[in-house]
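Read through the structure below, which is laid out as structure tokens, and then see the notes.
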Amino acid sequence: MSARDGGVGGMGTLGRRQRFENSEFTVRIYPGTLAEGTIYCPISARKTTTAAEAIERVIERLQLDRTKCYVLAEVKEFGGEEWILNPNDCPVQRMMLWPRVALEHRPLYGGEDYRFLLRQKNLDGSIHYGGSLQMWLQITEERRRMVERGLLPQPDSQGDQADLCCLPELNERSLLDNLRSRFQQEKIYTYVGSILIVINPFKFLPIYNPKYVKMYDNHTLGHLEPHIYAVADVAYHAMLRRQRNQCIVISGESGSGKTQSTNFLIHHLTALSQKGFASGVEQIILGAGPVLE
């Protein structure tokens, strides 16, 4: 192996490590008697998110009493001993030590039941459980089974996801809520795997300038915020790499923005093929649009 090969490999490893550091994970936190009727509160967290930050998100999400002091506890057995996390401990890093089936929220055998619990801390430093811990865990487990059977509503997801496949709970409500949340932030593009959902904003957004053309040039789908340029870029480089024709299907209701989406696709494709050189190809193709329609 040459020194150059080693350098490339090192950069690739560093890039994967940075992507892992910035990846979003879903952490389920069980509030118990602190929030009646809530089985667990799913929050988004990174590898570097601390327990204090996770608690703050749960407090905001469940609208808990901020005059109280809360701690995060980790349990590895149903009704077993709780390990209180320090404020600077990172829940995601502790999750990475759990068995794979626990990360997939599947039941384990042998009495093991990995989860995070939200606890209230008394003034003397002791933990307030608010009743029998074993009884509360049993009720929580029964509620979880009822949710899985569809007898109780699913917990709401926290924040928005750029890819609907990453939603912790996938149903019609969570899907629409995610799209609504992104639209209110003027994020009109959302992935479903390799499919791009577009919601017509009925106004111009400054996300189609040359800076975005360069940003999405030769990038991996999903590493940046969803954009129609990303789809055009993937199709263009797949055509060059495979030496085969590519097809992009655009569908939607009347007035949904199909024509404008086609214009953005053609703009990015011609920018990639011409690499900045002046050409009338784009105007010729766009000019044929009304005739084809």
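If you go along the chain as it appears here, the first residue is 1 and each next one adds 1.
Each Cβ is built from the backbone N, Cα and C atoms, and glycine gets one as well.
Listed in TrEMBL:
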type	residues	note
BINDING	Gly252, Glu253, Ser254, Gly255, Ser256, Gly257, Lys258, Thr259	ATP binding site
DOMAIN	23-123	domain 'Ras-associating'
DOMAIN	159-293	domain 'Myosin motor'
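Other than the site residues Gly252, Glu253, Ser254, Gly255, Ser256, Gly257, Lys258, Thr259, same-chain residues with C-beta atoms no more than 8 angstroms from the centre of those residues' C-beta atoms, the ATP site, are Asn200. According to DSSP, the secondary structure content of the domain 'Ras-associating' (23-123) in residues is 24 helix, 28 strand, 49 coil. With helix defined as DSSP H, G or I and strand as E or B, the domain 'Myosin motor' (159-293) counts 66 helix, 9 strand, 60 coil.
Taking the domain 'Myosin motor' (159-293) as a whole, pLDDT averages 82 in the prediction.
Among the listed binding-site residues, namely Gly252, Gly255, Gly257, the Cβ with the most fellow Cβ atoms inside 10 Å is that of Gly257. Considering other CB atoms within 10 Å as the measure, the emptiest surroundings among the binding-site residues Ser254, Ser256, Thr259 are those of Ser254.
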